[in-house]
Amino acid sequence: MAQVLRGTVTDFPGFDERADAETLRKAMKGLGTDEESILTLLTSRSNAQRQEISAAFKTLFGRDLLDDLKSELTGKFEKLIVALMKPSRLYDAYELKHALKGAGTDEKVLTEIIASRTPEELRAIKEVYEEEYGSSLEDDVVGDTSGYYQRMLVVLLQANRDPDAGIDEAQVEQDAQALFQAGELKWGTDEEKFITIFGTRSVSHLRKVFDKYMTISGFQIEETIDRETSGNLEQLLLAVVKSIRSIPAYLAETLYYAMKGAGTDDHTLIRVMVSRSEIDLLNIRKEFRKNFATSLYSMIKGDTSGDYKKALLLLCGGED
């Protein structure tokens, strides 16, 4: 049964981009900045509406809204507001570009985005990436990664996952057996087998394969991945399995570990909260509450501070 996706941010009723542009200008003009007005306004408008405000701001004041926001705000709060202002169709592509740019590769970002986006979303990301950066996402990924990790990313980026159709029980059995043979029953691991099955079979088929695998082997597929692989490949295969089981649950877990323990991974916190605010953040909140002994709202509240915290809590949209 398909889950109905629900975001926390929707179009603001009675939206007036000129009035909003004036409110923002007033909040930034003269001495000091009225951060409260900025964050309240921007978190309650959809991304499409924020783009309209930006255009109205340019028309009314001859100024670039994003530049003004950047010069008035600082730190994590600035990063969050800048992320909210990015056109949503560009946001994932932008994050991937930055993960690949310069010295070192941010595998965490590559893994999270590429594993948790649907084939349709991945196709759109590839298109936007090429338009924006003049190079192919796939080529850039190949140039910056290696081994089976690279291979799995490329297979996912092909976005050729089978569409969900009727379940073929014989094929389910065959794939589950093949995974068992490729891992637990083999000296060493046949990574290619995992990559092909995880990267090309339909979501509903794979859910059945994971159940069947448990029956055949006595292990959850995650335990096998943990034992049979390591490093970036292990992280990616686990992210794919978790996303196949439930994207909101995978992203809830991603948020949880971004905040758990000492220090906060603010980059991840901002990326997930912003990129999912209009897609499935309500679903993520529900999974968070179900799987961890607290709510997303309380965890953000305890883990962040100041205007940054206020803005994140407004995006979160409530306690569960």
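A Cβ is built for glycine as well, from the same backbone N, Cα and C atoms used for every other residue.
Now, the feature entries from Swiss-Prot:
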type	residues	note
CROSSLNK	K29	SUMO2 cross-link
MOD_RES	A2	N-acetylalanine
MOD_RES	S37	phosphoserine
MOD_RES	K70	N6-acetyllysine
MOD_RES	K76	N6-acetyllysine
MOD_RES	K79	N6-acetyllysine
MOD_RES	K97	N6-acetyllysine
MOD_RES	K101	N6-acetyllysine
MOD_RES	K290	N6-succinyllysine
REPEAT	15-86	repeat 'Annexin 1'
REPEAT	170-242	repeat 'Annexin 3'
REPEAT	246-317	repeat 'Annexin 4'
MOTIF	314-320	motif '[IL]-x-C-x-x-[DE] motif'
Sparsest Cβ surroundings (other CB atoms within 10 Å) among the modified residues K76, K79:
K79
Find the one among the modified residues S37, K97, K101, K290 whose C-alpha lies closest to that of K76 (N6-acetyllysine).
S37
For the residue listed as 'phosphoserine' and K29 (SUMO2 cross-link), what Cα-Cα distance in Å is obtained after rounding to a whole number?
12
At the level of the C-alpha atoms, what whole-angstrom distance separates K29 (SUMO2 cross-link) and K70 (N6-acetyllysine)?
14
Taking K70 (N6-acetyllysine) as the reference, which of K79, K97, K101, K290 (the modified residues) have a CA within 10 A of its CA?
K79
K29 (SUMO2 cross-link) - helix vs strand vs coil (DSSP):
coil
Measuring CB to CB from K97 (N6-acetyllysine), give everything in the same chain under 8 Å that is also at least six residues away in sequence.
Y129, E132, Y133, D140
What is the three-state DSSP composition of the repeat 'Annexin 1' (15-86), stated as helix, strand and coil residue counts?
55 helix, 0 strand, 17 coil
Counts of helix, strand and coil residues, the motif '[IL]-x-C-x-x-[DE] motif' (314-320), according to DSSP:
3 helix, 0 strand, 4 coil
Average the per-residue pLDDT over the repeat 'Annexin 1' (15-86) and send me the rounded value.
97
Near the residue listed as 'N6-succinyllysine', which residues of its chain come within a Cβ-Cβ distance under 8 Å, counting only those 6 or more away in sequence?
none
Quick one: pull the CA-CA distance for K101 (N6-acetyllysine) versus K79 (N6-acetyllysine), whole Å only.
18
Within 10 angstroms of the C-beta of K101 (N6-acetyllysine), what count of other C-beta atoms is obtained when all protein chains are considered?
13
